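Just below is one structure, and these are the notes that go with it.
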Amino acid sequence: MEVYIPIIYWKSCSEKEKREILFRPVVNDNSQIKEVVKEIITNVKNSGDKALYDYTKTFDKIRLESIQVSYGEIVDSDSFVNEEIQKSISVAKNNIKIFHEKQTHNVVNIEIQPGVFCRQIIRPIQSVGLYIPGGCAPLVSTVLMLAIPAKIVGCKNIILCSPPPITKEILYASKICGIHNIFQVGGAQAIAAMAFGTKTIPKVNKIFGPGNVYVTEAKLQINALLNDLSIDMLAGPSEILIIADFKANACIIASDFLSQMEHGIYSQAILVTPSYDLACNVIFEINIQLKNLSRKKVINKSLKYSRIIVTKTLLECFEISNLYAPEHLIIQCENSNRLLVYVINAGSIFLGRWSAVASGDYVTGTNHVLPTYGSAIVNSGLTVMDFQKIISVQKLDQQGLIDVSSSIISLSEVERMDAHTNSIKQRLIALQDVK
C-alpha cells in the first residue's frame, strides 16, 4: 500500500492550524501510568532488592539469580562480540572522547576590584546512574554517550542499569569505558533503585538516560521527591526537522525521514521546503525506500505524525524550525554554514547533504542525548557539564572589605537584614584591633 503524506502550504494555514501542524503526539498523559509508577517507586523504596526481583519476574519474565552482573562476565564480554563491532565501538568511543574532552569549562579567576577576588571551581558529581533501555536492540551507543563524559570529568561512582538479559555488546561497551558496576534491572524500578538505593544498588546523585513512558514518568516523580538527586532530562519520542532548498537530494531526504520514524510509533519527521517539486519527489522516494525496510510497520504508524510543509521562502523554513525547536535539525541547502545564523532553537544540527543524523547518533563525537518535545527552546544536549557542578569562591583582603563595606551595609539595611549588616560591622571592628 502506498504511503500518502499531504503537502501543507504554510501560507494558507491559519494561526490555529499552524499550531496544530507543529503539535507533538501526546505520549504519557495517562493517570494510570502515573499511579503504576508511583506504586513501583514506593515498593522499591520500602522493599529494596526484593521488589526488584519481583518486578523483573513480572515485567521481564526472568527469574534472576543476581541483580549485579559479575565482574567475570563483564571482562569476558569481548569473547562474544565480533571484531567488526568491537572496531566500530572503538571508533565511536575515540571520537566521543575527543569532542567531549574539549568541552571543559573555562576557569574564571579574577580580581573584581582591588582586594576582592572571585573565581569558580568545578567539581564532578560524585555518584551517577546511567540507564540504558532494553527493547528490541542493544543501545550500545547510549552507553558510550553517557559513560564517556562521566569518566572524563571524574565522577567517583558510576553505575549502570539495563533490563535483563543485558547483551554482550552493552557489557563490552561498558567495559571499555571503565564501567564495572552493572545491574540487570530496568524500567521504573531501576530508576527508583538508583534514587533511593537498595542493599545491592547504591544510591546516586544524578540519573541519566532515556527510556519508555514508565522510565520517563519515574524520573519525573523522583526528581520532584528528592532534593539530593536530579535527572539529565525527560526524553520524549525522537524527532527530526529537515530544511531543504530547490537543489536538495530527495533520495537522501527520504532516507533521513524514514530513519527517524523507525525509532517508534510516536516519532515525528517534518520536511520544510520552498520547493513543491522537491516535496513531491520526497514522498515518491519514501514509498520506494519504505518497501525494503524491516521496521516498516512501525514507520507506517509514525507517518501520521509526520509533515511536509511548503513555504514561500527559505527564511520562512527557519522561522518554522525555530517555532518547532527540533531535537535533530538537518539543513540540506547550499551554503548551509552561512544559514546557521538563522537557527535559534535545535538540539543538534546536521549541515549539508552528507551529514546524516545517524552519523551523530553513533560516531561523529557529538552527544546524541538531546532535548525533545520542544524543550530545545531552553535546553541543550548532554555535555560534560551535566556531570559537573560549578562552585563560586570569593576572598576579600582587609582593604577589599573596607572598600565594599559601605555598599554592603547600605543594601542590607534596605532589605532590613540587620544581621547581615552586623556581620560587616563586626569585621570592621576587628580590623581596628589588627591595626
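Please read every residue number as a count from 1 along the shown chain.
Backbone N, Cα and C define each Cβ position, glycine as well.
Straight from Swiss-Prot, the features:
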{"type": "BINDING", "residues": "Tyr131, Gln189, Asn212", "note": "NAD(+) binding site"}
{"type": "BINDING", "residues": "Ser238, Gln260, His263, His328, Asp361, Glu415, His420", "note": "substrate binding site"}
{"type": "BINDING", "residues": "Gln260, His263, Asp361, His420", "note": "Zn(2+) binding site"}
{"type": "ACT_SITE", "residues": "Glu327", "note": "active site, proton acceptor"}
{"type": "ACT_SITE", "residues": "His328", "note": "active site, proton acceptor"}
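A Cα-Cα distance of 48 Å separates Glu415 (substrate binding site) from Asn212 (NAD(+) binding site).
In this view, the densest Cβ surroundings among the recorded positions Glu327, Asp361, Glu415 belong to Glu327, judged by other Cβ atoms lying within 10 Å.
The Cβ of His328 (substrate binding site) has 25 other Cβ atoms within 10 Å, all protein chains considered.
Here Glu327 (active site, proton acceptor) is compared against the binding-site residues Asn212, Ser238, Gln260, His263, and the shortest C-alpha distance is to Ser238. Farthest C-alpha pair in the substrate-binding residues Ser238, Gln260, His263, His328, Asp361, Glu415, His420: 56 Å apart.
Distance between Cα atoms for Tyr131 (NAD(+) binding site) and His328 (substrate binding site): 22 Å, as a whole number. Of all the binding-site residues listed (Gln189, Ser238), Gln189 sits in the most crowded Cβ setting, with the most other Cβ atoms within 10 Å. Considering only the binding-site residues Gln260, His263, His328, Asn212 (NAD(+) binding site) has His263 as its nearest partner by CA-CA distance. By the criterion of other Cβ atoms within 10 Å of the residue's own Cβ, the least surrounded of the binding-site residues His263, His420 is His420. In this structure, the binding-site residues under consideration are Asn212, Gln260, and the one with the smallest number of other Cβ atoms within 10 Å of its Cβ is Asn212.
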